[in-house]
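Here is what TrEMBL records for this protein:
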BINDING   TYR98, LYS100, TYR117, ASP124, GLU306  alpha-D-glucoside binding site
COMPBIAS  207-216  compositional bias 'Acidic residues'
COMPBIAS  217-232  compositional bias 'Basic and acidic residues'
DISULFID  CYS94-CYS126  disulfide bond
REGION    200-241  region 'Disordered'
REGION    355-383  region 'Disordered'
Amino acid sequence: MIQHVLMVSWDHEQLSPAQDGWQKRWIQSKHRTDYGKFRIGAGRFYGDREKDKGLQTTQDTKYYAVSARFRPFNNEGQTLVLQYTVKYDQRVDCGGAYVKLFSEDLNQEIMNEDSKYYIMFGPDICGEDKKIVQVIFNYKDDYYLIKKNITCETDDFTHLYTLIVRPDLTYEVKIDNYVAEAGHLEDDWDFLPPRKIVDPNMPKPEDWDERETIEDPMDKKPDDWDQPERIPDPNVTKPYDWDEEMDGEWAPPLIPNPTYRGIWKPRIIKNPNYRGKWVQPEVDNPEYTPDPNLYKYFNISVIGIEILQGKSGTIFDNFLITNDDKYAEDAGNEMWGVTYEREWKRRERQDVVYNKINEKEGKKGKESKKEKKGKDLNVKDEL
């Protein structure tokens, strides 16, 4: 039974520089010796310096692998909601910011990119071409990627990502509490063979006519249609001094034939026998068997961040797993919504200050140029 499990990354009382309480909750994998390090940080700008602190990547071009364990649960017969916030505090060029859900069997000490997971969800950016929200499910030990393209946020504000999976096999992906994509698990992942397949025993009938238009069989070419494209110029006569022995046989120059009508083609009419484009009929796929348990996972017990980042600085916060999507929405508005509004206000104030500084520097630059110009003039006058 899923309870409203609020996956808080740390206790705010343990965030003083002398205390590392969050590291007791989040286990650093030892699978590699060069994993990137996390710190607790709120970024370059924030809504609240303390409340907006999260797990932040600190080293460029590094793999990261940390995880936190919670009491195991199953989502059988219930909605599963996975929610958290991401803030790209850096100008991200290439880096994942997704999370993974694991079973209780995961050995956190050696968690790595090959560790089996149930769900992978969250933004993934690499250059200009890849700015997506990953939604990958484990089904019978194979991984299936969503077939739809969901664009993630790429600015440096905090954003809320929510995945909702329901027992009726429907799902939603929300960004900032707005539905970015929704549908059915069977339709948007290739978990199962298709319900219908083309009937191999039903070929197109030989007399099936797909031509929308045809040449009119009743249209006949006029008898006088065939005329040469060019004719001898009737207004030119052989020069009086033309010597055929010396100059060869005389022939008048050719000019376009005014009666030439081109190549004859019968007119085009609608095909009275047109039956439309042939569509191969479909039949039930004998290999398809519905699976009402596509959504189901047992002993979910670990949430992990296993990513590669080019530029570091990403902040993860406000982790929440619940069986109540309304609760998640309200919690998101409370945890993320207030932060987002405050970030915008702080950014606006920073921009005002930045612009004022630039204006002052610009004025100083102009004044220095004037002074320099004046000195140059004086030098020229003295010379």
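For all residues, glycine too, the Cβ spot is worked out from N, Cα and C.
With a cut-off of 8 Å between Cβ atoms, the residues of this chain six or more beyond the region 'Disordered' (200-241) that come close are 250-257, 259-261, 264-271, 273-278, 280-281. Each residue contributes its Cα atom, and for TYR98 (alpha-D-glucoside binding site) and CYS126 (disulfide bond) those atoms are 13 Å apart. Residues GLY96, VAL99, MET120, PHE121, GLY122, GLN134, ILE136, GLY304, ILE305, ILE307 surround the recorded alpha-D-glucoside site, their Cβ atoms falling within 8 Å of the Cβ centroid of TYR98, LYS100, TYR117, ASP124, GLU306, which are themselves excluded.
A 10 Å cutoff on Cβ-Cβ distances gives TYR117 (alpha-D-glucoside binding site) a total of 21 other Cβ atoms nearby, all chains included. Distances between the Cα of CYS94 (disulfide bond) and those of the binding-site residues LYS100, TYR117, ASP124, GLU306 are shortest for ASP124. Of all Cβ atoms in the protein chains displayed, 15 besides its own lie within 10 Å of the Cβ of CYS126 (disulfide bond). Annotation: GLU306 carries the greatest number of neighbouring Cβ atoms among the binding-site residues ASP124, GLU306 [cut-off 10 Å, Cβ to Cβ]. Ranking the binding-site residues LYS100, TYR117, GLU306 by Cα distance from CYS126 (disulfide bond) puts GLU306 first.
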